[in-house]
């Protein structure tokens, strides 16, 4: 064999090994996410649905749970996609010739983007509708009962739904797109209609993020306040615990010995009072066990961090609005070749990349908080060991829509300059200046409005509680104080 043949063979072997390595890394990453999501979903599922007398229903619920786990793993992968790409680029810039990070390259990142796009389409269009119809199916009339009969009914329903959605997408593309070829190429499902459908879903997800994120940014302050110990400057914890124990003992004694009172007792009301007093006592004990640093510095530092992150995100969006008016390069666009390790995507280098990653995670958490805080989706909020299977399916679909729109959301707002890879950059509406500009302006305006309305009221209330002014007998506006009433009677 000649020398050129050896060179060709070595190149082919290298490409083969790189491909196998990328497959192994992708499989390990997905397996890790799948295990984490399975553990997470088992904490919220309703155990009665999986331990029923009917083995058929339990089998159906187990299959639906595995499909939900797969979808949630893809959603978590979509959340980690953009931060992982930004960090990988900075690592390759810092250590360009390190032997131990040769597996980290542009081909791997580009492949992960394509896999997330593919499996997001698969989950939204096929797996989640299949899981819902599968749990609701009972088999065709006259057919034998069993899992196979349910599968037949589910497949038929899914085919009808696919035809309906495909027809709607074809009509929408024919109306919105003036290209005659798009109306005649109905057979071109994979190259045109599936990305077009996902583009519409992603656009709805970006609009949902526009509504939920400002609401979540405002709610993050109150949610953090419930998780941390708030400082109280003028309080005696021992006295409050002593009083709380006496208040709890009175209704408890009435419940244990109802015959001691000659008046009829409302036992349900007494139980609610005991539960409320026990909750109050647990909070007081938590405050007593907390250290002085945790009581006095933890909550203010957390509020300061939230305020800095929120203000920084609004500032970046405002700067991006000005860049849109000046430079056309600020528009979000797709990138076909993932050339990583050549230039930093932040003006501040690695420090700026860390800030970008922190802002992306912060906005994603805020959007989830805002989503479950909104009145429209509050009923979807999962409960510990008490979440129905259909509710789990709905949560997985909503989280996948939000997470798959996160890369487009972050690039549209200018939080990062990392261009969208693969099919994420093929969305037609990303090239519309008016949509991108109005989206940035709406986000900045809604976030500022929610912060001004919510944060100022929350700070005022917390300052009043911190100084103990809420326990003072202050007069209510519109009514004279008690002393003046006594003087009037005299």
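Using the three backbone atoms N, Cα and C, a Cβ is placed for every residue, glycine included.
Per Swiss-Prot, the range carrying the annotation transmembrane segment out of 284-304, 389-409 is 389-409. Between the listed ranges 222-242, 243-263, 306-326, Swiss-Prot ties the annotation transmembrane segment to 306-326. DSSP assignment over the topological domain 'Extracellular' (88-114) gives 19 helix, 0 strand, 8 coil.
Between the transmembrane segment (432-452) and the stretches 115-135, 306-326, 389-409, it is 306-326 that has the most C-beta pairs under 8 angstroms. The highest tally of CB pairs under 8 A with the transmembrane segment (22-42), across 67-87, 115-135, 155-175, 197-217, 306-326, is held by 67-87. With helix defined as DSSP H, G or I and strand as E or B, the topological domain 'Cytoplasmic' (372-388) counts 5 helix, 1 strand, 11 coil. Tertiary neighbourhood of the transmembrane segment (351-371): same-chain residues 79, 82-83, 86-87, 89-90, 208-209, 211-220, 223, 309, 312-313, 316, 344-345, 377, 398-399, 402-403, 406, 409-410, 415-416, selected by CB-CB distance under 8 Å and a gap of 6+ residues from either end. Sequence-distant neighbours of the topological domain 'Cytoplasmic' (136-154) (same chain, 6+ residues past either end, Cβ-Cβ under 8 Å): 56, 59-60, 130, 390.
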